[in-house]
């Protein structure tokens, strides 16, 4: 059992907690959030506009959050260095505020905890994606990143294609659901003028670092991919559009067969597969990192193909945070 503390009880923090309860093997013993009081935590965890009402029991009692009869310590510290993770046995910390995303900033948690998993991309922390590069993890790392939801969708698919056919180069578009940092009505956004426009009635072109992060996770693809995103007015579930030039010619049926085989073997539970005529809401609550849509892709010639993969950018990503915690704890214990 991995004892975990969660810093930041926003979208990802709450859904990581839900996943931990579903999967088992990860015991959330403490939550820190200076901006949400205990009674409001109960409400926010119980009700969710996308993923529905929490079906278990939850209440506030004696200054603790009681979930399924189990007490969880609650802290309200703004400085991670002041969170007493050690006093409650939280050995591993999920840093899900979106603020402390570098090694230097996230290391403040190490005054109480033993290891930090950042639920966001990091400029300098080692980045790991389940099904892609976990074997490169070293227990000496104290702060690591679970990358982004888009990277978790893209890289398993890219790895399968690259290993089987070779990727010469490629372009990525991600059509991405709304996130909390976007504006509901037009407002100031000095660094990203388009990002200041209302998400409710616009398709908003934006940047994505996912293509660059692929190169960190799969070094042989470094510099071979680049991309952009479009933010769209949906609440959850996004889709990656990957266009690649292949080293080895292959017809679309061969490519589909390779992905289907991986989804049933090496990447089972990470890379899903569907041949149904699906739309985005069909994947709300999906725990796969990436679901390849075999009927949505197209091919121009044997070396040039467009591949489509869906992902629940909240739930699927949060499940990988839990999986990464379990993997890391197992490897640390094997030392």
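Just so you know, glycine gets a Cβ as well, placed from its N, Cα and C.
Look at Swiss-Prot and you will find 11, 12, 33, 78, 313 tagged as NAD(+) binding site. Counting every protein chain shown, 23 other Cβ atoms lie within 10 Å of the Cβ of residue 33 (NAD(+) binding site).
Swiss-Prot lists 148, 149, 150, 179, 208, 209, 231 with the feature D-glyceraldehyde 3-phosphate binding site, giving similarity to another entry as the kind of evidence. Of all Cβ atoms in the shown protein chains, 29 besides its own fall within 10 Å of the Cβ of residue 149 (D-glyceraldehyde 3-phosphate binding site).
The annotation site 'Activates thiol group during catalysis' is assigned in Swiss-Prot to 176 on the grounds of similarity to another entry. Taking Cβ-Cβ distances under 8 Å and a sequence gap of 6 or more within the same chain, the neighbours of residue 176 (site 'Activates thiol group during catalysis') are 150, 206, 208, 229, 230, 231, 232, 238, 313.
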In the chain carrying residue 179 (D-glyceraldehyde 3-phosphate binding site), residues 6 or more apart in sequence that have Cβ under 8 angstroms from it: 11, 231, 313
Recorded D-glyceraldehyde 3-phosphate binding residues, 148, 149, 150, 179, 208, 209, 231 - maximal Cα separation rounded to whole Å: 16
Cα-nearest neighbour of residue 149 (D-glyceraldehyde 3-phosphate binding site) within the listed binding-site residues, 12, 33, 78: 12
Cα distance (Å, whole number) from residue 12 (NAD(+) binding site) to residue 209 (D-glyceraldehyde 3-phosphate binding site): 19
Residue with minimal Cβ packing [other Cβ atoms within 10 Å] among the binding-site residues 150, 208: 208
Between residue 12 (NAD(+) binding site) and residue 148 (D-glyceraldehyde 3-phosphate binding site), the C-alpha gap once rounded to whole angstrom: 11
8 Å Cβ shell about 148, 149, 150, 179, 208, 209, 231 centroid, D-glyceraldehyde 3-phosphate site members excluded: 174, 176, 210, 229, 238, 313
